[in-house]
Protein chains: 2
Amino acid sequence: MTRRISDIDVSSAALSHRNESLPQLHSVGQPKKESILKEVGHTIKETFFPDDPLRSFKDQPASKRFLLGLQALFPIFDWGRQYNLSKFKSDLIAGMTIASLCIPQDIAYAKLANLPPQYGLYSSFVPPLIYAFMGSSRDIAIGPVAVVSLLLGSLLQEEFDPENDAHNYLRLAFTATFFAGITQATLGFFRLGFLVDFLSHAATVGFMAGAAITIGLQQLKGLLGIKKFTKNTDIVSVMHSVFGQVHHGVCPTAHYVGMTLLLQGKKNKKLFWIPAIGPLTSVILATLIVYITRADKKGVQIVKHIEKGINPPSLHQIFFAGPHVIKGFRIGAIAGIIGLTEAVAIGRTFAALKDYPLDGNKEMLSLGTMNIVGSMTSCYVATGSFSRSAVNYMAGCQTAVSNIVMSMIVLLTLEFITPLFKYLPNAILAAIIIAAVVNLVDFEAMILIWKIDKFDFIACMGAFFGVVFISVEIGLLIAVCISFAKILLQVTRPRVALLGNLPGTTIYRNVQQYPAATRVPGVLTVRVDSSIYFSNSNYVKDRILRWLADEEEANSKSNLPRIQYLIIDMSPVIDIDTSGIHALEDLVKSLQKRDVQLLLANPGPVVVTKLYDSRFAQVVGQDKIFLTVADAVRACTRKSQEEA
Amino acid sequence: MTRRISDIDVSSAALSHRNESLPQLHSVGQPKKESILKEVGHTIKETFFPDDPLRSFKDQPASKRFLLGLQALFPIFDWGRQYNLSKFKSDLIAGMTIASLCIPQDIAYAKLANLPPQYGLYSSFVPPLIYAFMGSSRDIAIGPVAVVSLLLGSLLQEEFDPENDAHNYLRLAFTATFFAGITQATLGFFRLGFLVDFLSHAATVGFMAGAAITIGLQQLKGLLGIKKFTKNTDIVSVMHSVFGQVHHGVCPTAHYVGMTLLLQGKKNKKLFWIPAIGPLTSVILATLIVYITRADKKGVQIVKHIEKGINPPSLHQIFFAGPHVIKGFRIGAIAGIIGLTEAVAIGRTFAALKDYPLDGNKEMLSLGTMNIVGSMTSCYVATGSFSRSAVNYMAGCQTAVSNIVMSMIVLLTLEFITPLFKYLPNAILAAIIIAAVVNLVDFEAMILIWKIDKFDFIACMGAFFGVVFISVEIGLLIAVCISFAKILLQVTRPRVALLGNLPGTTIYRNVQQYPAATRVPGVLTVRVDSSIYFSNSNYVKDRILRWLADEEEANSKSNLPRIQYLIIDMSPVIDIDTSGIHALEDLVKSLQKRDVQLLLANPGPVVVTKLYDSRFAQVVGQDKIFLTVADAVRACTRKSQEEA
């Protein structure tokens with residue numbers, strides 16, 4: 001029984017696909033066995049070095065190699081050589097534009113992180129400078145961002161009170177920034193950047209929207225002038241704070257300016273400079289109004305004090321020993337990874353738009369170095385900002401020089417202008433934050449996700465509601481878990497498709513997708529749409545047997561010939577493990593009892609090797625493995641005709 | 001540029017695969033949109049009810065449905081109607097054989113679980129009876145097994161001392177057994193049986209071998225008569241105990257019998273009854289010798305006391321409240337899942353050998369019920385035993401009646417014979433355990449795993465060394481993590497294959513597997529060997545672009561025409577998520593900058609729907625999606641010829 005069609009001339013079966021004029025033959029290829037070392041080496045290379053980073057170093061003299069190495073570490077030495085005045089003009093304009101946007105944002109975001117306002121400006125001075133030398137994105141704008149500031153603020157205040165224990169709070173902030181940098185640089189150095197991909201697009205969209213809502217709600221404190229406000233970020237606590245308090249001392253002007261800003265927040269590509277300089281204009285106007293009317297004496301809350309001068313050193317403030325190191329590491333690692341996700345997403349978006357290469361791992365190394373240095377110069381975690389990078393791109397930036405320009409303007413601001421921000425009303429800062437984060441709620445993306453993939457949408461909503469109702473970390477965790485559950489579900493319950501022949505061709509396709517495809521009498525052709533692993537091997541086997549039972553039942557009802565052959569199209573089966581081989585062996589045993597012959601079509605290189613190594617190919621019969629489904633079907637029908 | 005080949009007559013391109021006589025056309029099928037409810041329903045059905053358990057209930061009157069439901073819950077009412085004397089004869093012989101094997105094993109395994117010897121026998125009386133009514137496997141032999149006993153023993157003694165706090169220890173054992181049953185029944189009831197598949201074959205092999213070594217080493221205590229022995233199960237502690245103690249009081253006879261048993265342990269299919277009755281013979285002989293020579297007075301350790309009579313009720317001893325409930329649940333859940341894995345693996349093996357259907361979820365429900373009832377009748381966790389099931393099968397069992405026969409013999413033993421086991425030397429029990437577990441070290445399977453899949457081998461060894469050097473739970477955890485890491489690695493770094501045309505055919509295959517396959521000038525054909533998800537979308541995009549760069553470099557060196565077309569064979573791409581769509585969009589942007597046209601071949605039903613939903617198909621051009629790679633290549637070459 002087992003050798004039913006072994007006597008067929010397989011070479012003639014393989015004819016089906018050939019033009020009759022060409023007598024050449026093709027059997028299923030069995031790749032040469034690679035040594036284990038080579039195999040493992042290949043896996044490691046594709047996992048950690050898919051971009052072959054050392055390729056340009058090949059066949060180069062030592063001096064050239066040193067130069068290439070320097071350029072790899074500091075891309076500015078590469079692109080700097082082609083830098084010219086026309087590029088500088090573009091970068092100057094772009095740099096000035098993002099500076100006018102970043103100064104008010106910095107002050108506002110520092111408040112989100114519960115830090116004094118000058119620390120926001122510090123973080124827009126040192127990190128962009130370092131990034132300009134090391135980074136490879138031409139469009140990213142570096143500095144503090146809303147989501148990371150919120151995250152840092154909410155995680156840090158769990159450890160120290162930002163008002164009563166401001167000194168330790170600040171020290172822990174620098175410690176967290178240091179470890180954020182270490183985390184980022186380590187991921188980049190060990191080429192583990194692909195881990196950032198584990199935060200899917202859908203999860204990021206949901207997370208950002210949730211964070212935006214959370215941040216926006218917290219601004220009600222500044223906007224409504226509420227003094228006692230909850231420290232929790234979840235919507236229930238925040239709403240409780242808002243409605244449990246009597247409004248007092250809201251500056252009507254500031255309120256009005258804030259609302260205008262809010263409405264202005266909508267994107268308009270041609271008039272991009274209006275929202276870009278809007279915040280600065282509002283800041284100047286509002287500060288002037290408060291200064292002239294002395295509204296602060298009437299209860300309007302103002303910034304009050306902002307330190308003058310550039311970043312003081314802060315290396316000595318970092319906790320390098322004691323119980324706070326672990327806390328700083330935990331907070332830093334979370335903030336660092338969120339920062340990375342944002343920066344890498346921005347970098348990739350613009351690199352694809354302008355088609356230049358971007359090495360994710362190298363980017364992480366730059367971002368990490370920049371935060372490590374930042375933590376020693378009074379900066380908190382900086383990364384790429386969505387809103388400012390978009391403005392930078394639209395203002396026509398050419399290289400990272402726009403970041404240097406911005407950094408210089410921030411330097412001048414710190415040295416000369418900051419004391420003037422004393423009268424800046426808090427409500428304006430709240431409005432600036434709301435205007436910035438409102439764009440993070442990307443309804444279009446959410447609708448698209450809903451349309452494309454319902455499971456992605458669940459991950460997106462999981463992140464969103466997790467952030468809004470519980471906390472930022474839990475939201476993230478939910479999204480990552482749902483995303484992985486989806487992959488595992490796909491692997492655990494792969495689709496098994498029933499194939500039919502497209503009339504007039506030798507092509508076999510899924511009958512559900514191609515209703516025109518017709519089934520071959522006496523032959524059941526199925527395709528397993530996944531690699532066969534321990535997690536699905538039993539399902540695949542049972543699914544195929546169930547299909548066989550269904551078919552036999554239907555055939556006996558309609559007096560069709562009984563199924564004699566089962567063909568499995570292995571094209572999508574990229575890999576198989578020992579559990580998979582065992583399931584196939586069990587399948588063969590069951591088929592033998594039912595007098596059904598198993599044939600395999602188009603197994604890939606890895607699968608063929610494993611089928612032979614496990615001696616399964618020999619058990620089934622090597623002549624039962626075909627190049628295409630059509631060849632296998634031809635072998636079956638030929639045998640049936642011979643028997644008839 | 002984007003509409004380079006849009007003006008080609010696609011219908012003529014699709015001709016390539018058709019016999020010229022048949023003028024029928026096939027375009028890429030776009031399946032009808034299913035409603036969300038239907039889609040979700042399908043996913044739920046395939047995840048939880050892949051075996052369509054209610055199919056036989058369709059179109060049946062209520063009375064018939066009740067009967068079918070009863071038969072589904074108690075299969076004995078189904079197969080019992082065809083039961084006859086000839087089957088009973090076979091079952092009687094098989095039942096007597098496994099009883100003779102199980103009685104000494106039960107006493108020995110109870111010691112592994114640090115329980116008085118009678119509890120092993122209790123667990124071979126009630127659970128097999130219940131299983132016989134509810135279970136659907138015809139070959140499994142139910143009772144205590146070595147690995148679960150060891151696991152239970154080592155987990156329970158972390159909570160209570162089995163000697164000084166024997167009462168609470170016993171209570172926790174029943175609590176754990178109760179929750180093991182609850183876990184098993186719940187998994188079965190909610191059709192979550194597929195979770196058991198997450199313990200891969202390779203992990204199970206490694207785990208079993210590790211557990212066998214651990215159990216074997218612990219028997220050195222009994223075999224060498226060591227009194228102070230470590231409670232830890234790791235090899236370092238055990239070896240320390242063995243070599244740190246002076247031997248005293250080893251009964252030479254028992255030692256000799258034990259060693260004979262050990263050597264006897266090898267499988268021999270024709271003489272299977274020798275190892276099957278060996279243990280009982282040794283037990284009887286050794287007990288007699290000790291009784292006659294009164295060797296126990298000379299220092300040989302004996303069982304001393306064993307309770308007479310059948311299982312006392314133990315419902316009142318289960319902790320249903322208080323702090324021990326959680327502990328019992330944790331221990332029970334672990335033991336229950338290990339027990340399930342063993343039972344389901346045995347059930348499947350023999351079901352495949354005899355080709356009868358086995359519903360994994362229903363099995364879990366039976367095993368769970370049996371352990372719940374067991375926990376109330378002084379039994380500890382019982383499951384299917386590898387060694388006894390194999391003996392049962394070889395002895396010719398026909399149905400679960402052999403379990404009833406065994407259960408009855410155990411009942412008789414409990415009522416009449418147990419007091420005689422008083423003089424049974426401990427060394428014999430140790431030898432019985434070693435003889436039983438030595439077969440759990442499956443070197444052949446390990447070698448096969450090494451041959452087939454190196455990553456599986458790592459998981460296998462991870463489980464093995466984890467169990468041997470750390471603990472049973474850690475070993476399991478290691479194996480599960482490695483197995484999942486493998487799946488995720490596969491999904492994160494899928495293979496992207498370069499395709500070539502098999503000369504004289506319209507078939508395109510991986511050039512690495514088929515060195516005869518030739519490349520088409522000006523066209524780069526790649527195949528993505530995985531679904532495109534967030535975890536791999538960027539890698540896939542970068543990998544394809546790198547290949548393109550490599551090709552262009554090679555072509556410019558050898559003066560070949562530049563690459564104008566990129567064809568992606570989507571056959572193995574079963575699914576795509578929003579991140580995947582975005583990666584494809586980025587790819588198109590990069591390709592447009594390089595003046596390369598993208599064509600897609602053979603996307604599956606899910607992917608086609610998503611390409612259209614996301615409007616990606618419209619962006620690329622609907623006429624750029626082909627039924628086969630050959631069609632796409634033909635469209636490219638035709639266009640190139642027209643241009644020339």
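For all residues, glycine too, the Cβ spot is worked out from N, Cα and C.
Range B:364-383 is the one annotated as transmembrane segment, of B:64-83, B:84-103, B:324-343, B:364-383 (source: TrEMBL).
Counting Cβ pairs under 8 Å that are 6 or more residues apart, the transmembrane segment (B:457-485) and the transmembrane segment (B:364-383) reach fewer than 3 and are not in contact.
The listed stretches are B:130-156, B:168-192, B:271-292, B:364-383; of these, B:130-156 has the most Cβ pairs under 8 Å to the transmembrane segment (B:198-217). With a threshold of 8 Å between CB atoms, the same-chain residues lying at least 6 positions outside the transmembrane segment (B:168-192) that come near it are 48-49, 113-115, 119, 152, 155-157, 159-162, 314, 317-319, 324-325, 327-329, 331-333, 335-337, 339-340, 360-376, 378-381. Proximity of distant same-chain residues to the transmembrane segment (B:130-156), defined by a Cβ-Cβ separation under 8 Å and at least 6 residues beyond the stretch ends, is recorded for 73-76, 79, 98, 102, 105-106, 109-110, 112-115, 120, 123-124, 162, 169, 172-173, 176, 207-208, 211-212, 214-215, 218, 231, 233, 331, 334-335, 338-339, 342-343, 346-347, 350-351, 354, 356-359, 362-363, 365-367, 369-370, 373-374, 380-386, 388-389, 391-393, 397-404, 406-407, 433, 436-437, 440, 471-473.
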